[in-house]
Amino acid sequence: MSSTSPNLQKAIDLASKAAQEDKAGNYEEALQLYQHAVQYFLHVVKYEAQGDKAKQSIRAKCTEYLDRAEKLKEYLKNKEKKAQKPVKEGQPSPADEKGNDSDGEGESDDPEKKKLQNQLQGAIVIERPNVKWSDVAGLEGAKEALKEAVILPIKFPHLFTGKRTPWRGILLFGPPGTGKSYLAKAVATEANNSTFFSISSSDLVSKWLGESEKLVKNLFQLARENKPSIIFIDEIDSLCGSRSENESEAARRIKTEFLVQMQGVGVDNDGILVLGATNIPWVLDSAIRRRFEKRIYIPLPEPHARAAMFKLHLGTTQNSLTEADFRELGRKTDGYSGADISIIVRDALMQPVRKVQSATHFKKVRGPSRADPNHLVDDLLTPCSPGDPGAIEMTWMDVPGDKLLEPVVSMSDMLRSLSNTKPTVNEHDLLKLKKFTEDFGQEG
């Protein structure tokens, strides 16, 4: 760089001030200054530095300052527990002289480990989601594979001895909105003796160098301590994409730790199932893909499953749809995902409300009282056309709150909502998913 940029100058000033505070023994102040300096240096590398030589020089300085910051962090942490001799700049802290025993016997007393495990406690699902297998329409193959991997080993452990072992890694992949996360909720409900960890990338990615892989390690450690356990990682592609030259060092280290922990070398991974979900399985790293022994394609629902979804989403709401209507809706929604059908039904449920809003006439009808549904009354008001016998000209603002009887959801409401809702899955993505299934997966 021909001239020093303001950000680079700021980084140099911060690093210089950090070194001064370090020498003066103000280690907490020095630690903060080192960390701020590194942030400025990294900004310069990413957005301002010209030429590989300049970048290499700045990266070397960053490594040096980060190493010193880690030592100060370790020293300050130990100082809280007991009085220690201050470290001189450039000298290893007492903790470093003992060597890195993070995998040793004393790890259980490590406050850093406890802090990381406390962070992960929020990922444990304490309250079971109330989703049963029967609430999941279709996907029989996926349900059977999950029962085989999760429910059977808990209920009949004697079946899985010797060479017959349950699956330890299952990948659910398919278009968005097909029920992958919903299936995981059903697993959490049905496997009521298991500890269920629901993880997203934000739970495992930290801004501090080296902390993300520690979080991954501690996640698996927690799972081993709470066996039988299920680790569900939604959108796993955001954590375990293919390795490339462009990815950051932090991402590479997280991936490596995942591979080590899923392989389970030197540790007992019995009783732990890793359940992953993704919409774009082709971006997964090949080594991660291999760790998932079962790779199950969750396709778009079949017509009978789509018909069942319309029923499930309508629930107990008053409607006039017949079995034939549900079958017709199932046929008309080819290419729609479960999430798309959910949106169609939600929109259809609003159609009676819109009729109330736009009505210019109401008529009196007989129906259940709002105060006591078992008691029928004759003075309820429902929207009607101006030509209906008994039509009264009024708007919804004139209707008393406890006297409105909204129209039931009808087939015409469903068809109107269907015409306004387009599928969210395109043909190109489906072809890629089918190709991946042919190469690596199995049908769900």
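Counting begins at 1 with the first residue displayed.
Glycine residues also receive a Cβ, built from the backbone N, Cα and C atoms like all the rest.
The model shown is predicted, which means the values in this text are computed figures rather than measured ones.
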Scan Ser102, Ser244 for the residue that Swiss-Prot records as phosphoserine.
Ser102
Can you name every residue in this chain, apart from Gly174, Pro175, Pro176, Gly177, Thr178, Gly179, Lys180, Ser181, with its Cβ inside 8 Å of the center of the Cβ atoms of the recorded ATP site?
Ala277, Asn279, Ile298, Ser337, Gly338, Ala339
I'd like the number of other C-beta atoms within 10 A of the C-beta of Ser410 (phosphoserine), please.
16
In the three-state scheme derived from DSSP, which category covers Lys180 (ATP binding site)?
helix
Within 10 angstroms of the C-beta of Lys180 (ATP binding site), what count of other C-beta atoms is obtained when all protein chains are considered?
27
Same-chain residues six or more away whose CB lies under 8 A from the CB of Gly179 (ATP binding site)?
Val136, Ala137, Leu139, Ile298, Gly338
Within the chain of Ser181 (ATP binding site), which residues six or more apart in sequence place their C-beta under 8 angstroms from its C-beta?
Asp234, Ala277
Return the residue, from the listed binding-site residues Gly174, Pro175, Pro176, Gly177, with the maximum count of other C-beta atoms within 10 angstroms of its C-beta.
Gly174
